[in-house]
Amino acid sequence: MLKFIIPTIMLMPLTWLSKSNHIWINSTAYSLLISFTSLLLLNQFNDNSLNYSLTFFSDSLSTPLLMLTMWLLPLMLMASQSHLLKETLIRKKLYITMLIMLQTLLIMTFTATELILFYITFEATLVPTLIIITRWGNQTERLNAGLYFLFYTLTGSLPLLVALTYLQNTMGTLNFLLLQHWTQPLSPSWSNTLMWLACMMAFLVKMPLYGLHLWLPKAHVEAPIAGSMVLAAVLLKLGGYGMLRITPLLNPLTEHMAYPFLMLSLWGMIMTSSICLRQTDLKSLIAYSSISHMALVIVAILIQTPWSYMGATALMIAHGLTSSMLFCLANSNDERTHSRTMILARGLQIFLPLMATWWLLASLTNLALPPTINLIGELLVVMSTFSWSNPTIILMGTNIVITALYSLYMLIMTQRGKHTHHINNLTPSFTREHALMALHILPLLLLSLNPKIILGPLY
Amino acid sequence: MLRRALPLGLGTGLLGRGLGTHREGSTLDWHGKVSEIKKKIQSILPGGAWSPLYDTSHLPPEHSDVVIVGGGVLGLSVAYWLKRLEKQQGAIRVLVVERDHTYSQASTALSVGGMRQQFSLPENIQLSLFSVEFLRNINEYLAVVDDPPLDLQFNPSGYLFLASEEGATIMENNVKVQRQEGAKVCLMSPEQLQKKFPWINTEGVALASYGLENEGWFDPWCLLQGLRRKVQSMGVLFCHGEVTRFISSSNHMETASGEKVTLKRIHEVHVKVDRSQEYQPVECAIVVNAAGAWSGRVAELAGIGKGPSGTLQGTKLPVEPRKRYVYLWHCPQGPGLEAPLVADPSGAYFRREGLGNNYLGGCSPAELCPQEEEPDPGNLEVDHDFFQEKVWPPLARRVPAFETLKVRSAWAGYYDYNTFDQNGVVGPHPLVVNMYFATGFSGHGLQQAPAVGRAVAEVMLEGRFQTINLSPFLFSRFYLGEKTQEHCII
């Protein structure tokens, strides 16, 4: 695993020592090369994981997430070039350094064997994200957003530290490879219930669960584009990944402890989808749609069936790419009109037809059009929840319909309709932006040809 | 890194100014201190906008979707209709930048407050008709919870225009157009006029048109305050400052016929705080120029008119301030309560003010004197000789009772005078794509403000005029040379 971590750390001296007109091209090109090396991890030759050392390993759950993370860094760098134009050189390098630091910590999170190392890097990812949001965000509300983000996730995850130290004491190890074979069930006592809560709350806040989701619209909307991309695509999946790793330890408590969170998620996905229909701010709409998709993932993980695990992992990867692409599209709008309100930038299809194609593709994948991997994930989740409990099909069906409604609403509001006079002189799309969108949609479409690599360890 | 990261980029204020002004006095102001601490705690808790270095509550926000330059009746009307016509509540963030919150020089506050439909252009008549309907139902349009209803003091006494022999045919045609649009106007011969208003001297009058309904005068300050209150309750932000600069970016583009044009987009407005060097750059998507008499200056800031004359880039916004005097006098034998606003063919006009035989009046010098005799618009000083020479003689001739009167007071106000054709400028500028105009109404802006606000809001939100078609009032007519002029006696 050091073959990823060390090059990523070395990207930092690369940025600082590059000439001023080469910082972007250097960091983007090298991070793209590093992302290609992650393809090596796909060669999982047996049901056990690929073990590189006692500290790092990768199995078919962490591999797709790792590939997503490493693929996203060059994309983030490409997307940030425009809004950092006016900054001084040192600040540009600082920004890139923050992104690289975040990337290193994320790689270590997804490949950590020891759960304490996972926890440390999990918490450490908050710091560069907070700096990116509060320093480079757009408006005064970003301080508020940073506070919400920091304290929600911190408060959720501090009990996890306590739980992990307790588990280390009782089980003697927190090495995931050994924990996979843990067979002793948890007795249903109060303290074990609290431990279940302590373990899960950190990840539920991160996902986010419907009742604890207030930080997400704020953080996503106020963050700069790279911050939004990494938040939506990867940081949310940290929660899912953590839940998938820790649930083997918490049998059989999950069967009855999961009910409140299942209800919250089932209800919350419909609520947040409906909120999307009433949003006027484009980034806010995409943020709420993220919550809705992640609620599906929470439901899938909590019912713990093989198909639902496959659906959860597929949905995480698919949503990561789609959400990131939607944020890039919204940012391209924002950079041109200097406003995130949808109502002020309408009829864009006439002005930017190729960008309208990307908008169409992104909206179609967002509403889980067959045969994309979004559909595979959603379908697996819907089927497994149906078999878990028949009436949930009504809620799931309603959610699918409302998702389609708001995705098309967003498409029609921004692309179709009569344009207003003040968008007459939109700058045409840059090649960089087209490359960005293509690099998002290409993996998404190619994965629909071979989805088994993202279906996780239970495939 | 964290220390540097947090407060930077929050607007350029004076560093080290300290957190507000703290008295180092010896009086123990417990109440004040406690409320200050409470305010600070409230601003720190999530939900408040807190700047760790210094207090920025007097500055406008860093980002606003629409910035309206000018907080007079036109600017507030545009803000009101924007908020009313947006599809969902809170969709658009609007900021109104007003330089003087006492409105000491604003045309709105110093206006005579007349409302008429007797124009010659059908668009003007439609604008006034909608505006009077707005004013009649003002307590439905501008209702705010828990606030008392507005009393506009609308006196529906009508307008009386007098025409001499030469102007009689124009007046008849105008009345025909007005009746077509739905205004209720009646034409009177001198005999009928003498019978209806016995205090009038009908010498030299060939025809008179009298507005029977929906004309009169009202209190402009009340409308302004009502709009301000309602607009604040709808979520529009007010800022006390002056726009000093527009930061824009240009795109060189080609039209369909191959001509090269440079389209400009304003993406930042620098708002300077009063009596200080501090300014706040406000990132915006749309700018509305409703600065009244100073619209020309604001347009110049955006680069409108900077180019070779005769081209579209070189066409300036022809709105400049023109000073007009209004005199208040007392005449015990004067016309009674039924007196309308009488407009003499010479250009002088008067109306009743209150119930104590006081009258307001003035004269538009455009008719009488050539350009050189326009009063100097540098200040609002009143010239009393103007009354003696230009206003009193024609009024005294028209109303013999006015031979004995006593001037009580006088004031001066600005017209946002459109030197091209004395009618308003509405809609976007063809080259600066996100600047919209709502100005230049040359003396009849107040009475058309509600309708103009709605028209501009429609263009901004829908892309075209939906209810009243104001395309004759677009900016492009200055370049094309098409005057939309009123064929009126005044």
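Glycine residues also receive a Cβ, built from the backbone N, Cα and C atoms like all the rest.
Summarising the annotation, TrEMBL assigns domain 'NADH:ubiquinone oxidoreductase chain 4 N-terminal' to A:1-109. Among the features that TrEMBL reports, domain 'NADH:quinone oxidoreductase/Mrp antiporter transmembrane' is placed at A:112-403. Residues or ranges marked as transmembrane segment in TrEMBL: A:21-42, A:94-110, A:116-133, A:145-167, A:194-216, A:223-244, A:256-277, A:284-303, A:309-329, A:350-373, A:393-414, A:435-455.
Long-range neighbours of the transmembrane segment (A:309-329) within the same chain, counting only residues 6 or more positions beyond its ends whose Cβ lies under 8 Å from a Cβ of the stretch, are 61, 64-65, 68, 72, 75, 79, 220, 225, 228-229, 232-234, 236-237, 240-241, 244, 283, 286, 289-290, 293-294, 296-297, 300-301, 355, 358-359, 362-363, 365-366, 372-374, 376-381, 383-384, 433, 436-437, 440-441, 443-444, 447, 451, 454-459. Within its own chain, the transmembrane segment (A:284-303) has Cβ neighbours under 8 Å at 204, 207-210, 213, 216-217, 220-221, 232, 236, 239-240, 243-244, 247, 254, 258, 261-262, 265-266, 268-269, 272-273, 275-276, 309, 311-312, 315-316, 319, 323, 326-327, 330, 340, 342, 366, 377-378, 380-381, 384-385, 388, 399, 403, 406-407, 410, counting only residues six or more beyond its boundaries.
Comparison of A:145-167, A:194-216, A:223-244, A:350-373, A:435-455 by number of C-beta pairs under 8 angstroms to the transmembrane segment (A:256-277) places A:194-216 first. Across the domain 'NADH:ubiquinone oxidoreductase chain 4 N-terminal' (A:1-109), DSSP helix (H, G, I), strand (E, B) and coil residues number 76 helix, 5 strand, 28 coil.
When pLDDT values are averaged over the domain 'NADH:ubiquinone oxidoreductase chain 4 N-terminal' (A:1-109), the model yields 91.
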